[in-house]
């Protein structure tokens, strides 16, 4: 760190720059009290090396300001030398700031220790060394010493620039050399201080850690690598370099790999610690905890097998030899560790390549071979030197990814036009990957990028031309046909079943028994022809959808596609021929087939053909019933097996052998067989059979009187009517399986939940009744037991006492955490606490809330007891066991307190005699004769008074206080001896006689000498006071609902099935990883007090929602007034933030894991005496750090080894240097979290400017930080090949870069909006045991799913709806997915991953742009495809927040629907759909993309039904049919028309919610909740969200446009403007709702004359409900949505927005034009298929005009086609007039206003004239005018939609502006139609009040005065 400025002196001979510089306003203009952050934390990235110097200056400024000034001057010099021209970003501003600071400090600081600066700095350096370093290692922690060594190192660097070298004192030089030599031993470390010298911290004394380090230290037999260092290298390697020979010191195997292969030092240190901790944690599980020094050979072998399982599979798959070679004469364990270390080093530096696991296998394969050659041959390393591995291996692969992502065009290009992570990774699934060579060839096909040619016509959205690399194995094309291709077996089954049921129903009997009729059976066999047709379609789709990947496919795969196509074509010919030959009396097409076949006319041919056709399915069914055989066959890599399976399924590396054991198979098969039987029976009897008779009648009906011009008047069978009737029924048939799944999953899930003991303790009453058994359940579940202890159910007294002590400590920590979270008050805490030890009490001391009012009741019982029989009284007391415990405890506690108070022996003797008399009288059964029960109440009152005195902490006069106690004590003893005891005076007389004679009592009063010096056990006093005074109301504590829920769930979970708890040392180690972007960390004071438009602040809002918690907070912080509140604002900020969805809440929750582990470690390791004393009592600060290693320190060391928490704050470095106050606040809050939680780690991506080859370039690093003394401390820094987030989706990339810093064998992924609870953290070691628990027939799990509690449910009714919906999914939904269906995946919830499994298989998420938008679920797909097993466990829960506002919820639903749309196109869904067996495939479909497709079908059904009815009404067919005499006798048609309406309600989808609430809260509560939800319009909300799902799912598949939608996780108490709602829901809901509204109106108007209103209502009821929901739900659920003033403001705002012009840079919320352009953005990038389909769909709107014009009176019932032609002439005329007005306004509106007015007048007169003629001459009526509006408005909308698709053409001919104006006109009309009802309702004040009650009912029940809140009427004070 030497300066290049030589010996320049800042004072002696060196002058400061003379030119005064004006202070500029820069990002460094921050408050003066933040100078630390200015100096060291805001250094520009290009000057990063001076940051340590400035940190040192800030650290030493308090000791010597002058030396701090010299440090800053040195930093300024270095900054100038690094960037003389100040060309780097922010350098000039920073140097200017520093210069001003130096000018100020030069004047204000003077030397303190000497007369000049050289002497000053030398003396200070000497003082600092002797003060902090000389004796430091003995007194201070390693992390403290690391800071002091860093300061000393920098100080000497500065000293050398200030003091000439010849004037540096020898002692200073000696000190400096000592510092440089020892500095490496005190570097900042993560968990293990591997290089620390001196006394080591407890974690380094653990035998497993020492054994792992010892195993890695075996390096004597390794060849020493040679390096050629430079001076820079020497400095960078921090002392690892030896002076002679150019060799570096190697401490262990990882160091050897570092120098051999050129890995980065940061990566090496990170993976070294990673490997040591892994080995230690695995090793200790197989050994006793005694001292040992050698690592078990099985430990290394097990880890090797797990790490390289995927590598071995990959090697076997591509048929190459393994490079895990172990020669006979080699040290096997050493080689194993080298291989593991090599893989981890490759993985740790791979950056984005970590998403490509087989690419890593390829790299390792070659490097392992190279390492073997180095060790056992004479091979030289290929890559050597600093960062050579990154530069020569990882960076080239990263560049390929980067170039492919550029083809993505920001998400607008088709997936088929660029290669994602999966495509690049699957390149390594073929032996062709070895063409890359090693070292990898730069000219290999993988790296060579096509030179992009410029397209002939410039178009900014056009993807560059040129030869494109083909996709690998799969192409993601935007088409719905993926649903058929991926799930073809399901569609084939459903279609064949439908065909068979129609044939059976069509038979004469119409009964299923008719299947046994030969003719009917023969007809049913035609389903195989349908199957052949569908298989042909499947083969065709395989070719069409995969042709863009043929360039990367093997020839045998392409041949298979064509052979499949040919065979399918053959069957498509053969089966119809065979079938036609078997028909007895053929006709039509069948006859022509029969004539062609000729002599083949025999039934046997068709039967034989069907049998042959079914042979593959028969073989598949045989394999299905033997899953182990199928699994082993599919996973086999034998060429013979591969050849046999070649036809059935193409060989893929993933998706092989995904079959469960027989029992699991039987369970989900039975589930689906029962479901399908129910579904098909319902479909047959309710949907199909009722339609058959009307259909036959309609087909036989001859209709000639059409109401319009019929193009095919002579067509037979009325096909149009049949299609109109059957189409919605067919759609319902395909959709209703989803509803049947909801029903069956509810039933099965409820039964399973009951068997899992869910909800057995769900109320406080249930908790009290079973609390006595809780400690034993605790022992069984949460206490590690040996095999003998587990077998011994009955405990002896000492073991029972120890168990109670352990339980009480865990229970009390739970209660204290509830108190710290302000869920309970101090009084409630005391009522819930259990004493640690019952050593001096003979009975179990239960928490006082169980013993509430037991003593007062017992006293009343005794007082009123008339009988003198002791046994009867004691039986009454013993009948209530808790009362007996309370009486005994009260007696013994009172005895102990009185003993401790009395000093005189004679007083103690009296008390002892009283107690002996009590014991004797009870034993001799004369208690009631010896004591007067009637006086006990008097005694109780005096005792209460005494205890109140003893509880006093503060008193003014000790003598007065003492006198009060003596008086009360004497009263108590007098009552006992004189009133209560019959013969009490004898005890006094005996005492007087024995001790002092008969007359001494007169001069020395008894009980007058008390002991107040000895500290009383205050806990006993408080507890006794509670026992005496607490009333029955205490049985209801805690009052807080959340506290109740947590306590009851925790106790209930102790009775559920969970693995036994291992000892903490034996448990699996784990990490928690949380990705963070820019969300709130901790609310600022401004944010708390900032008022919304209604005058409501977040603080005020939360005070009203959580009044009890706010009062508890004030009590905890002892805040009594506003001044004290302001003084505790930091605590207030935390209180508010812990109730929001903030990072601070998440971090607090996750750090409970460590708190739990420390306590459990203490309970595991402590002796019995220490356990009885209590954990908290052992935490005593020692004299120094190294005095002794207490149990607490040992448990902390074990916790360090077992748990790591990493928060990946991607933008932390940017936020640190940002000028934005919010970003700076986030940085400071994250820093404070690190300082608050020393074991918290923060990873971030650091972007720096560095000079590379003389050019300034951006360089990226992954950095790990921890909290230091005041600032963050860097632990590891790993250089990246480029910006990691530029390649894939943001969240998975953020997770991936931090994944290398996690530790352990398990990894829990936690989102930023989650929370955790201490009591749940106690169960984490049980959960982790699931990974290693032995399972019969099943694979061990790779992902453990946990349930969640949605903690945002109390904010509003919407939040409650979402909470219930989400709760049903994360409980009953996932329960049934995991068991029995075995299709649970990962849903972004608190799942726990098998970390080693996933880090070797691509990580915990997938990151390809767009396609992996729902990145979490793809990790579940990936895990399943790669042989993983995912389970779900409900005995542990984690908190989760959800969106609470309507718009936020809709954004979330849109995001999820977008993600499911992308999933539909993905290879993962295709492979799972094709590789799962039939029943598991059904489960997979209906629980993932099928749910969204069913939602879309639900909406499509309504469209189909209404357009069918529109066709029938407008054509006159419905009238003819309904008025036909033959059809009037049957009600079947009406039933058929109305049957589908039942399914539109969607109420059946609420069933899982009701079942789960019933299971966990009771079915009465569930029913009440359901009714309340309906009253709060939950159905409106869910119906509205149905539209959201359908819209975004369909649009994503057709056009793309999927993106991450930030929903915002704040408290939604604001009113959303009408314009905001209109922009958000216009296309997804309003347009569709208005279309359905018009359809319903037309259907009613033109059919009412012949149709009963009851039929219409019954048929369309659900549709009207949906229309109202879609149009008005956003306003119903919008706070203050019907308040008059806000309605007026909304209208003004919307009108302004509609009128504003758009343009470049105009935001969509500022102008309608900008928004309109943005809404069409998807059309710019969609493909030809999407555009064509849009045009076809738009043509439906022309049906209105065609139908309505023939019903106008002006047509005089003419059916001529000219009528329709004339209607288009009218339409064209109207559009032309509008165009003329538009052009006139533009051209003449400004300069020729008179002419323009004349033109408009003429047009108006012309319009009046034309209308007059039409009314008078042509017979036009008023009804015709309104009908014409219904006819022409949809036509105009169709023209508008088609024009948007054809935008380029219309722009080129100049018509686009007219289209825009037409669009504006339609938007005006739609806006007014929707807004009018809002205006009407806003006129009535009670509507607004009703809406407020509707929205915030839950908050009302918890004390929220929402009416005052929304009116902005605050209370006068906040307290």
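Just so you know, glycine gets a Cβ as well, placed from its N, Cα and C.
Checked against TrEMBL, the range among 466-484, 561-579, 580-598 recorded as transmembrane segment is 561-579.
Residues 665-686 are the range that TrEMBL records as transmembrane segment, among 643-664, 665-686, 687-708, 753-774. Between the listed ranges 605-626, 781-802, 803-824, TrEMBL ties the annotation transmembrane segment to 605-626.
When averaged over the domain '1,3-beta-glucan synthase component FKS1-like' (334-441), pLDDT in the model lands at 92. Here the transmembrane segment (1828-1846) sits against the transmembrane segment (1761-1781); at least 3 CB pairs are under 8 Å, leaving out pairs fewer than 6 apart in sequence. Only pairs six or more apart in sequence are counted, and the transmembrane segment (717-735) with the transmembrane segment (605-626) gives fewer than three Cβ pairs under 8 Å, not enough to call it a contact. Count of Cβ pairs under 8 Å against the transmembrane segment (1655-1677): among 527-549, 605-626, 1484-1506, 1761-1781, 1802-1822, the largest is for 1484-1506. Packing against the transmembrane segment (527-549) from elsewhere in the chain are residues 416, 470-475, 477, 479, 481-482, 484-485, 488, 491-492, 495-496, 499-500, 561-562, 564-565, 567-569, 571-572, 575-576, 579, 610, 613-614: each is 6 or more residues past its ends and has a CB under 8 Å from a CB in it.
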